[in-house]
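Trainee: Here's a structure for you.
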Amino acid sequence: MQVSDLFIREMPSDCLPRERLLAIGEKALSNQELLAILLRTGSKEADVMTVAATLLKQFKQLSYLQQATLNELMAIKGIGQVKAIELRAAIELGCRIYQSSQIKFGKVTSSQQVAQRLLQEMKGLQQEHLICIYLNTKNDIIQQKTIFKGSLNQSIAHPREIFREAVKYSSARILLAHNHPSGNPTPSPQDIQFTKRMEECGEMMGIQLLDHIILGDSGYISLREENFFASE
């Protein structure tokens, strides 16, 4: 018996997803196999494929896994701090790659177009995220940034932070969007007040606020389309 034959037969199952990726490519692998590759090894209680399956069962959807905290990941048997950090880093990198591919050379043609993209991008977020999209005079996207995470009710969002970036990018226009974790996109009095304040600041600086979009679970509300802008 050849030593190499013995090694192949006794190769741990942990290695199989990597071998399959080499043989057939990453697109043919299941979510469980891709997670197993990121995790690399299992534990004494469970092999890596079992740990990956437990992750998928625990969070049910990849969009829920995207929002998993370090502590939530570490609550899974077989995932320690190092593995949790590596998973969070991989997830964040994937989000940034997706976001970059969506905004590069893009053009804003309507609030609906922006809302449809952001609904997918911000799905499952447990906190309010305020997004600002910076545009040139032709409505080409220059940059997209998350201004803050929290709640507009807490008065965290300050026009200074938003317009400082607008000046930095030489933006002619901006478009704001934020999600309602409750799933209901109906604007609150604070949302309306914040929008009017941003519109006034934009007028003083010569930077137009095109719209403020509020995102729910499966729909959105455009404050401009709903006539909440003073310029309407």
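A Cβ is built for glycine as well, from the same backbone N, Cα and C atoms used for every other residue.
For reference, Swiss-Prot lists these features for the protein:
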{"type": "BINDING", "residues": "HIS178, HIS180, ASP191", "note": "Zn(2+) binding site"}
{"type": "DOMAIN", "residues": "107-229", "note": "domain 'MPN'"}
{"type": "MOTIF", "residues": "178-191", "note": "motif 'JAMM motif'"}
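Please go over these features one by one and say how buried each is and what sits next to it.
Mentor: When Cβ atoms from all protein chains are considered, those within 10 Å of ASP191 (Zn(2+) binding site) total 21, not counting its own.
A mean pLDDT of 89 is what the model gives for the domain 'MPN' (107-229).
Taking DSSP states H, G and I as helix and E and B as strand, the motif 'JAMM motif' (178-191) has 3 helix, 2 strand, 9 coil.
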Trainee: Rank the binding-site residues HIS178, HIS180 by how many other Cβ atoms lie within 10 Å of each Cβ and give me the one with the fewest.
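Mentor: Selected from the binding-site residues HIS178, HIS180 on minimum Cβ neighbours within 10 Å: HIS180.
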Trainee: Can you work out which residues elsewhere in the same chain, 6+ from the ends of the motif 'JAMM motif' (178-191), have a Cβ less than 8 Å from its Cβ atoms?
Mentor: 118, 122, 125-131, 152-153, 212-221, 223, 226, 228
Trainee: Using DSSP, how many residues of the domain 'MPN' (107-229) fall into helix, strand and coil, respectively?
Mentor: 41 helix, 38 strand, 44 coil
